[in-house]
Amino acid sequence: MSKSALLVLEDGTVFRGVSIGADGISVGEVVFNTSMTGYQEILTDPSYSQQIVTLTYPHIGNTGTTSEDEESSSIHAQGLVIRDLPLIASNFRSEQSLSDYLKSQNIVGIADIDTRKLTRILREKGAQNGCIVAGNNLDEALALAKAKEFPGLKGMDLAKEVTTKEAYQWKQGSWTLEGGLPEAKDDSELPYHVVAYDFGAKRNILRMLVDRGCRLTVVPAETSAEDVLALNPDGVFLSNGPGDPAPCTYAIEATKVFLEKGLPVFGICLGHQILALASGAKTVKMKFGHHGANHPVKDLDRNVVMITSQNHGFAADEATLPDNLRATHVSLFDGSLQGIHRTDKPAFSFQGHPEASPGPHDAAPLFDHFIELIKQHSA
């Protein structure tokens, strides 16, 4: 017999449904994601730390879960909100149902609520703090109090919370449906040594860098520029991650050093915002952010439109770009800045997710541009 659950927003709105995960209470910023597929990749994306994810597509869980689809070693989302959980997970790769997967990692989830209504609230009022309560004792007043107590993501430094504790090597390329996860590549196949800052890095980003010949040393978020330079890298990668970029002063200061040294730098998502801040621009908290796999972005240099995967609640403010930065990409949904390139250094970044997972691969050539900058710098 299914247990009950409720979701309470900080404005007092209450949604009652059924529990699809663990019993308990979970608090975070409630956001919506419009992706039709890729729910496991979304749940395990460290960028969703301290966020409760609402999936707008009505049927979630159809294909079960598999370890090959994880973007990190655990679920980072605070909770999951969906319309309907199918009774059957049909997929020859499936290892566990979505419900069992949530329970195994002690993640709270709720289904059978009006996710269209919830999404309209978040679009009109902006991302809100919320609380999911699941189990036998549902206390609306307690849930509302906890939602109001949550401080919100603005000013919250989460990169240092989700980062790796120790540096490690990554040499595994992309997996295939036929071959599964590949063995680590030999150093002879990886001519470029790249230091990747882990602010909450997704595995598929690392794989796509390896596919292009990068031997990766993944380092903790607070690693000093001095320690990175001692590794003699050919380039530096700034990963995606959760929270507000402004408090990440350790990363901003380190990036300034790499820019001064003229090292090739590539940033994605939070890494994009870090590069912007290190170059003198400012960032802002968005009303409800971009979360989905169908976001159109215009490449200003090539005058083409790309469909991209997005997941961010903060953005670099184009109005604050200094002369050493030029805008390279803009969102066709709201005109927000999506890409920048230094005019004086081999450094650039992209707000969306060129590695997709889930999502389209239109922006994947950005990885190739990073390799081009490394080659030019090494010549």
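Cβ atoms are placed via backbone N, Cα and C, with glycine included.
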Check your understanding: For the L-glutamine site that Swiss-Prot gives with Gly241, Gly243, Leu270, Gln273, Asn311, Gly313, Phe314, which of Ser26, Ser35, Ser47 also belongs there?
Key -> Ser47
Point to revise | Whole-number mean of pLDDT values that fall within the region 'CPSase' (1-189) | key: 96
Check your understanding: Near Cys269 (active site, nucleophile), which residues of its chain come within a Cβ-Cβ distance under 8 Å, counting only those 6 or more away in sequence?
Key -> Ser47, Ser239, Asn240, Gly241, Asn311, His312, Gln351, Gly352, His353
Review point. When you measure from the Cβ of Glu355 (active site), which residues in the chain that are at least 6 apart have a Cβ under 8 Å away?
Key: Lys202, Asn204, Ile205, Arg207, Met208, Ile268, Ser309, Ala364, Phe367
Exercise for review: Would you mind checking how many other C-beta atoms are within 10 angstroms of the C-beta on Asn311 (L-glutamine binding site)?
Suggested key: 27
Review point. Does DSSP put Leu270 (L-glutamine binding site) in a helix, in a strand, or in coil?
Key: helix
Exercise for review: Sort Gly241 (L-glutamine binding site) into helix, strand or coil using the DSSP assignment.
Suggested key: coil
